[in-house]
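J.: Submitted below is the structure of interest, expressed as structure tokens.
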Amino acid sequence: MAAHQEKKLAEERRTVQNDTKASQGQWGRAWEVDWFSLASILFLLMFAPLIVYYFIMSCDQYQCSLTDPLLDLLTGNKHLSDIWNRTPMLTYRAAAIYCLWVTFQVVLYVSIPDFCHKFLPGYVGGVQEGAVTPAGVVNKYEINGLQAWIITHVLWFANASCFHFFSPPIIFDTWIPLLWCANILGYAVSTFAMIKGYFFPTNAKDCKFTGNFFYDYMMGIEFNPRIGKWFDFKLFFNGRPGIVAWTLINLSFAAKQQELYGEVTNSMILVNVLQGIYVLDFFWNEAWYLKTIDICHDHFGWYLGWGDCVWLPYLYTLQGLYLVYHPVQLCTAHAAGVLVLGLLGYYIFRMTNHQKDLFRRTNGNCSIWGKKPEYIECSYTSVDGTKYYSKLMTSGFWGWARHFNYTGDLMGSLAYCLACGFEHILPYFYIIYMTILLTHRCIRDEHRCSSKYGKDWERYTAAVPYRLLPGIF
Ligand code: NDP
């Protein structure tokens, strides 16, 4: 039996070698641009900025009702110009705040080497290596996001309690003027990344040109664009200014509630705490983040550049914004339910990611749920023809479904929305969006893994047949 299996495995390996030769250089790059992808990209390029504007404007002018602006327009009660004329414009003050903010984050990123790993047990910071790129490059990163987050928040609290240089609700008070600044940066950085990809790429072999301008602009040309040795576009724009800002934005919304109503509701506290845990987790695990799809597989274009500057800070914080306009005080059972769902979702999200990280770091020599993990051996070939070996785990949460980390993430996302009660659809945008994002990501990742691992991936999907929910999907 064992000999038979060995023979079968050897045959499969030979097939894999042929398959990977055929698909050599395909994974992580040179996707074909089909009509559906092109149509989705054009849709997003045209409508994503409008969607963000619509959400923020409907809170500003319509108490977060998503239907009232449309009804006003359709019934002729208001014209587009009426809505636009009531929209706050870009101000020098907002531009100054935004420039100061981004400059401060750049300084924290490039000029203060990580010191947190020297005194925080278990924290991995300082210089770390990323994954092998399709061209076979291994980039080094200065991991100091936790430190940047701590310094920024200490200064924020110091200002709120002692210095009073600015009022804590400042972000809420300049929210729409800041939106224009974020858009300017988002478009500037994406356009710069495109030009850089053509004329002075950091690593020419890791560039992707599909020949379609819109696709290249959206999905990016360069894999890991950098300025100098350390300023990595993906790591910087993904984590800061967007994710460092996330918790500050929520704090500013809580401060606005306090200013307007003389109290902070339990729903606002829940949103701040649950999203705060998620953000802190991100920075605590920033080194792990180097191995996620954003850094390992996505090229840097408008999707990441504009997305990190505008989409993330404006739409991931909708719950807090909503609660400023609709302060919701939850009954104890509802609040406890939200807390349990949020913490359980976070636990599943973290543990699933942790299991894969541990498994990969130790090359399978670890214990998952008290046992040695089971896995499928696989191989792939980089663009220079070098063959690499890897393993796909089929134990722990990874034996339940192929993306159980996304399931945990979705549970946590649902908890943020449920904290806002059931009066309006706007705070539920996040769970709708995350479901679409993570389902699409599943499909995108599996397409990539399938071209990377060929037959080995088929063996893996046969062993773990479900994507998100065991027995269902
Ligand atoms: P994963 O962490 O699931 O990484 C997928 C990669 O892991 C695959 O491409 C493959 O890479 C490897 N892999 C897949 N299956 C296995 C296995 N069984 N054993 C070992 N390795 C495997 O995906 P993401 O990077 O997308 O997500 C990371 C986390 O970030 C998730 O928890 C997600 O929920 C979260 N996230 C949050 C977002 C947000 O906006 N809030 C957005 C995106 C993600 P390889 O090529 O190395 O084999």
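Using N, Cα and C of the backbone, Cβ positions are placed for all residues, glycine too.
TrEMBL feature annotations, pasted as is:
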TRANSMEM  35-56  transmembrane segment
TRANSMEM  90-112  transmembrane segment
TRANSMEM  146-166  transmembrane segment
TRANSMEM  178-199  transmembrane segment
TRANSMEM  300-318  transmembrane segment
TRANSMEM  330-349  transmembrane segment
TRANSMEM  413-438  transmembrane segment
J.: So are the transmembrane segment (178-199) and the transmembrane segment (330-349) touching or not, going by 3+ C-beta pairs under 8 A with a sequence gap of 6 or more?
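T.: Judged by the Cβ rule, the two regions do not touch, with the required three close pairs absent.
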J.: Considering only the recorded stretches 35-56, 146-166, 330-349, 413-438, state which has the highest number of Cβ pairs under 8 Å to the transmembrane segment (300-318).
T.: 35-56
J.: What else in the chain is close to the transmembrane segment (146-166), if you only count residues 6 or more beyond its ends and a Cβ gap under 8 Å?
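T.: Sequence-distant neighbours of the transmembrane segment (146-166): 104-105, 108-109, 112, 114-116, 120, 123, 125, 239-240, 244, 247-248, 251, 255, 279-280, 283-284, 286.
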